[in-house]
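A.B. asks: For reference, the structure I am asking about is given below.
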Ligand code: TC6
């Protein structure tokens, strides 16, 4: 028996324990251990029933994602499944932690499933651009019916044990902490009763009522058109589930395999699998001592009760931290506190939050008009007006007030963190925590590492990010850090292009088709042209629009016209402003571009900026930039982010495109293109 699997027989129950850290993924080693373990039990006449259980933090959490697209070796999943399902002895899957993907599909092959109340089960493959390709699309509908299967598999969210029991996804609950005993007792009971070898594949009752009803699937796709846009996997999942209703099991499995193959070889899935690991890489800082211990953070001070301050306060409260929010102006403080109370109230009304949890969170919020109130906090996050003098003054004051070991963080989105830190006597305890608005919702947290930021401070910032459920990306000090800096050329190019003929709606449409939720002009109108242009005295296209009161959506007009329900229509007035501005700037060449050409115009310069930021060491790796753009700017995940996308396009083509636009390609980009290298692969 391999080290990954151990077997034991107690009173006729064979127990196979899989131990393959960290998550018992179905790697070649795990498959081998399953194959050997089940063969051994099949040949052992003393074994009358089998329990499959896992050691460590979880039941099998899925296929080994790093094996996809490679020669897998060892017994195939199908071989392993065959001996479990048809081995002639009842098998009980004993589930704790998360039985996901191939792990839950394996549990569906077993004849029974028992789980502890804290366990979760599900088929999350959609998030990897895949479908459950080991029978999940054929077996789950046979348990829960077609409508529930559509939601569960296209949504991908795990289901808690209680709900899973109600849906039939598991058969019984074991006492928390006593899974092994519970599963052995369940198996012993089966032996005693001569428990039947029920196979999920043989069930028809849940799918029969939906047979011959193609409209179920077309209506489902129409209803979710917005969420599925650009992705491939949801469409193949729906086709596979339709096959579960319409075809005999064996044929359904063949159909599932074809549809899986289409996905696993697609760029979309490659991008989404790359992104899965990219998100987890962010917390691993390359030049960082491994044994540094983060400081404990229980109380957080937030300075500023504006949009950012209240969002940050809620992100902390949501994670169970105590928050003291400080604002000098009483009315502003009251407004901030009311916003927080109101947000929780709405979440309760929508059934997203239990009333007692909302109470608890609000109970952990203190407000104050004086900085002294944060003297006991472990971490202070400043979210005041973006002005260096104000920030320097504030940091000097906080330095005198804060505990010596407290960390002081700035939420600045572009100011020099080293300069801010120099205003204190503890630059090693200063770090940037750049949240994206709304800070309680957006998952990205850029952690800005100043030249003096200590490893302990950085480790604490990283563990704080995990605590408040953010995805961290570490950035060096530089204007705009990562996401804002690399995405800026998109807007600049859009504005320049609009002077040469293409209308804002045509440019926005090209960005929408690429996969962004909206284009740069619609976005500018949403945020407000006055907000975007704040601090600049230059004459710009925006300043010309502002001059005639076109501040964006809130004023009924910006780059677009808006009706009372804020529906946008192309604006002849804005078109005239653009034409006048172009004339004033001496731009007379008019060009016509296809949507693809617009994408190149706007996004190749983004790639160029990414290459610069990587070369300068502001970002440690290409994948960090991709994560920042996907989570911070809604760059479509199925393209993998700007760096992965550039590799897909071909770096040589990007270089040529930039040169054709009269933009000097970044040194690193040119080198990689010349050497046939990529940013993200190999
Ligand atoms: C599938 O099954 C398809 C089947 C079709 C049949 C052919 N593979 O997230 P964490 C690593 S598709 C390889 O930090 P948590 C992860 O990279 C798969 N590695 O922990 C990390 O490594 P590091 C369907 C994996 O406690 C470490 O484990 N399954 C896999 O916050 C810890 O991960 C899924 O999509 C894997 N499958 O969350 C589940 N999973 O320490 C994906 C994790 O070197 N996984 N690793 O950085 C998860 O959702 C979560 O990892 C979790 C644990 C909920 C299991």
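Using the three backbone atoms N, Cα and C, a Cβ is placed for every residue, glycine included.
Annotated domain '3-hydroxyacyl-CoA dehydrogenase NAD binding' per TrEMBL: 299-474, in sequence order. Taken from TrEMBL, the feature domain '3-hydroxyacyl-CoA dehydrogenase C-terminal' covers 480-562, 598-661.
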A.B. asks: Under DSSP, the domain '3-hydroxyacyl-CoA dehydrogenase C-terminal' (480-562) has how many residues in helix, strand and coil?
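C.D. replies: The counts are 49 helix, 5 strand, 29 coil.
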A.B. asks: Can you break down the domain '3-hydroxyacyl-CoA dehydrogenase C-terminal' (598-661) into helix, strand and coil residue counts using DSSP?
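C.D. replies: DSSP composition of the domain '3-hydroxyacyl-CoA dehydrogenase C-terminal' (598-661): 51 helix, 1 strand, 12 coil.
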A.B. asks: Just to confirm my parser: what is the rounded mean pLDDT across the domain '3-hydroxyacyl-CoA dehydrogenase NAD binding' (299-474)?
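C.D. replies: Per the prediction, mean pLDDT sits at 96 for the domain '3-hydroxyacyl-CoA dehydrogenase NAD binding' (299-474).
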